[in-house]
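Presented below is the structure to which this report refers.
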Ligand SMILES: Nc1ncnc2c1ncn2[C@@H]1O[C@H](COP(=O)(O)OP(=O)(O)O)[C@@H](O)[C@H]1O
Ligand SMILES: N[C@@H](CCC(=O)OP(=O)(O)O)C(=O)O
């Protein structure tokens, strides 16, 4: 069986000193990926670089800061980026395919399955799927924000054997090495704890977005879905193969012993919550530590408009996200019964299908 890997290349690894797209960098990564394919791997590429490739061509002298300028630059740059990849891969006899996705594509199972089937066919034909965020339509809640999260969702979708997030830093350090020269690198991270989050900072360069923090977010999504992750640097011939075989210059994140089902992955990382519930400490404990369902009695605040069967996010009274679940009531019913005991609920509503607001089987803890 061939090894299926997802490689994510960030803007910081693709830009020249002047801030534009580096064709040499594109050619280098195409060489590395072609070598991997020759060694029997199926490779998917998630790449940033559209803004970098397009901002000069559209007429800006600097990388734009405003959202609509970035989107316009990305629209010009995406075509140039693909042209570069197409040329680079063609020299290895590999056909490049473009796939543009947004967060809502993952929130909708049909669209997600369609993306999955297209990718499978491309891989079967030996092409390389090249994926970027669809910047034209991606704003605010539609946005992944950075391609790290996108790469993790893609890795889970295609059940990759490994996700390799390539960046300008050779892994996760105990602090951002740009600010803390004595910081030490982690070779392995077994579990992504609060402490790991606290040491991961934002983007180090003017071209990257999200920094190490968004890579940790991505590693969490992928490892919970059963895909191990490498975050590090690939800048010499053979580095990518070394990274795949466990000898890369970077940090390896291990998978959780029990990975989440696709249903729970969807619930936790791909769905779009239509409402928010704030719960008291008793309900928080029951949901997060006790493995229990959420009952009306623990609900303090109901926000948003949702129907039975929609996804809602549950927060503590202080606003910490505890998790997500599929709700058994619409928002109007829930406003009437919030804080009530089960017997009060039965007296209040004409018909009660299920007493639990969220059943434990339809819940994922995110805290
Ligand atoms: N604890 C840390 N360890 C390593 N790098 C860190 C850390 N905290 C923040 N960073 C920064 O994250 C940057 C990589 O993220 P980013 O600039 O978004 O790159 P990319 O464009 O590849 O996604 C590094 O250049 C580094 O300055
Ligand atoms: N979709 C945007 C990239 C967003 C971005 O900068 O991501 P990254 O460099 O991976 O942190 C582009 O192609 O320019």
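For all residues, glycine too, the Cβ spot is worked out from N, Cα and C.
Because the structure is a prediction, the values reported are computed rather than measured.
If you look up TrEMBL, you'll see 8, 167, 168, 209, 210, 211, 212, 213, 214, 215 marked as ATP binding site. Residue 210 (ATP binding site) is surrounded by 22 other CB atoms, counting those within 10 A of its CB over all protein chains shown. Reduced to three states, the DSSP call for residue 210 (ATP binding site) is coil.
Annotated substrate binding site per TrEMBL: 48, 135, 147, in sequence order. In the three-state DSSP scheme, residue 135 (substrate binding site) falls into the coil class. Residues near residue 135 (substrate binding site) in space but far in sequence (CB under 8 A, at least 6 apart, same chain), listed by position: 50, 51, 70, 71, 74, 75, 78.
The domain 'PUA' (275-359) scores a mean pLDDT of 95 in the predicted structure. For 275-359, the entry in TrEMBL reads domain 'PUA'.
Among 48, 135, 147, the residues given in the record as binding substrate, the maximal Cα to Cα distance rounds to 11 Å.
For residue 48 (substrate binding site), the same-chain residues 6+ apart in sequence whose C-beta sits under 8 angstroms from its C-beta are 9, 10, 11, 14, 132, 146, 147.
Annotation note: residue 147 (substrate binding site) sits in a helical segment as assigned by DSSP. Helix, strand and coil counts under DSSP for the domain 'PUA' (275-359) come to 25 helix, 26 strand, 34 coil.
For residue 147 (substrate binding site), the number of other Cβ atoms no farther than 10 Å from its own Cβ, over all displayed protein chains, is 26.
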